[in-house]
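Copied over from TrEMBL, here are the features:
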- 29-51: transmembrane segment (TRANSMEM)
- 87-104: transmembrane segment (TRANSMEM)
- 125-146: transmembrane segment (TRANSMEM)
- 152-170: transmembrane segment (TRANSMEM)
- 177-198: transmembrane segment (TRANSMEM)
- 213-235: transmembrane segment (TRANSMEM)
- 356-378: transmembrane segment (TRANSMEM)
- 384-403: transmembrane segment (TRANSMEM)
- 415-432: transmembrane segment (TRANSMEM)
- 452-474: transmembrane segment (TRANSMEM)
């Protein structure tokens, strides 16, 4: 047994760079650009889906993408310098999709006949609801209430939540690859081949190029391949959905984007406030907080850092709230959360350096001003990103399951909690998604109060949120006193407080002695 025993390990050992160690500057800039390319998938898809429904034109869509790109860069800077200080990329969240659809469908907005005016007033309503809803994470974060709530988290309770942060995004993986299998499947195969089978080949200065830069290499190859298919007329008579997914010239982003544009607050007009819109948007804010908390846990492990203490989680959520406020002021049509795909990239490249993510934020801000150049990269067909997601979301899911090593999985209690929280975390959101797909008009929660419907449909459409509700409630109510050791609490306890482990200060202290202004207790 001694030969096959693998004791629990607080930190992963086979990663190249941890949170506070850095590659060379050349590698740093290339890795940062790789992070930038990866986050474009979500940055483009959310405005592409929502802006036309608001009545916006291709030009409006291009501008919203620029705004979201700028806000993502700015919020990433806030999070890495002042928030959790983990190497996470902030970006647009799908959690806001249902509340935004509710606002778009408001009868007072639908009555506006001019599409551009309807777009402007819809955007103003979204901005107003986000401004008020951002108060929730700002208050829960900076008051440290979120940190107090995290005391109910154990390795057993968080394993399915973090796991679902990756596995729960399966619908953005192969179902999207299936929209254009001729570029999606080669993308999956080449990423696996380069990052795993060819990772030991080092043709340049002993640098593992294929392991370190698989996204840039694979995207370049498949993007050129898809452009050749487009130019050769492979999709000339294909259905509209296939052409939109596969062609490199159907997004109309490059032609619609301005050469130079500086995002600024108030571009769409003065925000408007409606109680129903605000209440609906609050649900998305709560979901994004839970999903980000799960992503922080995963990022800390992939960056070879200790689990973020309660104070650090609170600080991160507080700054995320300020990021949501900045999203609202700039007018991005959605708000920020941690991008799970970029967390997975930490594990794929074995680089958890904070500096890499900080430099990538610079790329986001830079290309948000240069519209045409940013739009060039934003025109990459989405199935290429979906192929990457199949690998990266899986890595994050497995990181969540790795927390089970600190628990007793020979306990029937633990097996029950893990199994039911994982199953319901996938099954319940799937029911909500299928209900929406087949009904075409109504989601499962369907009352006369639209804001009420949007609130609960958003909550139960999020796998990590459903998983957290089930796992944390069961873990803190079933045989709690008898099961402290089985739940992994002795291992977790020292990471609850900032001073509980001397490594916490190394990883999470603020720069420039700012800890004097932000006490850690």
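Glycine too: its Cβ is placed from the backbone N, Cα and C atoms.
Across 213-235, 384-403, 452-474, the stretch most heavily in contact with the transmembrane segment (87-104), judged by Cβ pairs under 8 Å, is 452-474. A Cβ distance under 8 Å defines the sequence-distant neighbours of the transmembrane segment (452-474), meaning residues of its chain 6+ beyond its ends; these are 95, 98-99, 101-102, 152-153, 156-165, 167-169, 279-280, 282-284, 286-287, 290-291, 294, 416-418, 420-422, 424-426, 428-429, 432-433, 443-446. Of the ranges 29-51, 152-170, 384-403, 415-432, the one with the most Cβ pairs under 8 Å to the transmembrane segment (213-235) is 29-51. Among 29-51, 384-403, 415-432, 384-403 has the largest number of CB pairs under 8 A with the transmembrane segment (152-170). For the transmembrane segment (29-51), same-chain residues at least 6 beyond its ends with a Cβ under 8 Å from one of its own Cβ atoms are 23, 60-61, 64-65, 68-69, 72, 89, 91-92, 94, 97, 100-101, 104, 119, 212-213, 215-216, 219, 251, 253, 333-334, 339, 341-342, 345, 349, 351, 353, 356-360, 362-364, 367, 377-378, 380, 382, 385-386, 388-389, 392.
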